[in-house]
Amino acid sequence: ERIVPVLGEMSLGNATAPGLVSEYFLLGKYRIRQVRIQEDSCDYPEWVRRKTMTFSMNCSGEYWIGNEDSGDYNMSWREPLTYKPKRLSDTWSHRSSWSLKTIPYEGTLATYSGGGYTVLLDGNVSQSLSMIQDLQDSSWIDHRTRAVFVEFTTYNANIKLFCVVMIPFEFSNLGVIYPSYQIFSTKNFTYSSPLEVFTALCEILFVIFALAFFYFEIKRFYYGGRAKYFSDPWSYVEIIQIIMSFSIVGLYLKKIVSVSAKLTDLHITEEFVSFYTSIFWDVTLNYILAFFVALVILKFFKYLKFNVRMYFMSQTLSIAKKNLLGFSLMVVIIVVAFAHFAVFTFGPIVKGFSNMGQSLITLFQLALGDSDFYPIQQANRYMGPAFFFLYIFLVQWTVLVMFMAILNLAIKEAKNNMAQMKNDLEVVDYIYNRIHQILPKCH
């Protein structure tokens, strides 16, 4: 009653309908996909099974890909088919992730496969509501349903933006529903405005610089030799940068081809066209691009080493690295110990300590000052405050003092080393000397 009318307004047939969604158009049809588990998927002891043989016991366990239902049914979950007819509704016939061209989804309760039982709906609101009512009358969602996904793709022509929307409803084996949403956006690949033309030129320059950088690294390896090349730690950074550069170019081309193929499918098929794989390539590209930019920025340390202050900082860290590594190991042991204690003590009550990973994140936030004391206190009125104040004292006081003590000793030693060196590390002096080496006539 909420989603269907909104998507009906966003369909291309109702594109002139006024409202907040009038600038967004629904691309093709939208899909409802159900993921189910097999019947009697609980794993309980044999003595319980023997005790319950006298009466019917239908147990539905938690979802994992190994117990997913992949059978075909005859218009009801109570009538499984032993054969697969040539024509069978996808509503009662399982389709694999490969045939649906989707990828697994990591939800709140589990990681779900990209397959399932699907229902296709279009912009006709009354017809869509009638189909949903028929599904409700036939108990399409029952106790074996573990997730229902509402999937659709929109396009905003004003800003040339694709939005791939997935609204999952996860069902626990206790009947609790966990709704959430996931929205991915990506731009259309047209270069019409001046900014887009400039972006295209920058992309071409990126490819040129990547090829030139690769050529110079090959040349440096060839003339310098393998031993000399790999003896420099920065050479490994250069290799990673080259690999990431070509990966970015390849993923960018893959994304363009994928989106173009999906747009072509919209015109030649009446099926739901999932842009989720295209978004996957786009998200992967953004992650690699983020690491690449961070790596390029970190390379500035290679050229800032000629500055006295930067050289002093690097010397300080080099002197203190052994002590810092040992100290870091001690901190990790302390934090892991606190995390285990929090999981066993507060995990059943406090969401932030429900598992080991979440507990480590919560403790890291506590160390940064983002503290939430009251849930811990409510979980255990005695152990909660003791745990909180002991952790804050050890991490924010003792650990900080020891860290500063290690750095102070390293700073003193670095100052003594710097006092014995000539001040020939300034960038201006370095450039001046290089010019004199290249142009000896300037002497």
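Each position is counted from 1, following the chain as shown.
Note that Cβ sites are derived from N, Cα and C of the backbone, with glycine treated the same way.
Of the listed cysteines Cys59, Cys163, TrEMBL assigns the disulfide bond with Cys42 to Cys59. With a cut-off of 8 Å between CB atoms and residues at least 6 apart in sequence, the same chain places Cys59, Ser60, Gly61 near Cys42 (disulfide bond), listed in sequence order. Taking every recorded stretch in 197-216, 236-253, 324-350 and counting its Cβ pairs under 8 Å to the transmembrane segment (284-304), the highest total belongs to 236-253. Within its own chain, the transmembrane segment (197-216) has Cβ neighbours under 8 Å at 191, 238, 241-242, 245-246, 248-249, 252, counting only residues six or more beyond its boundaries.
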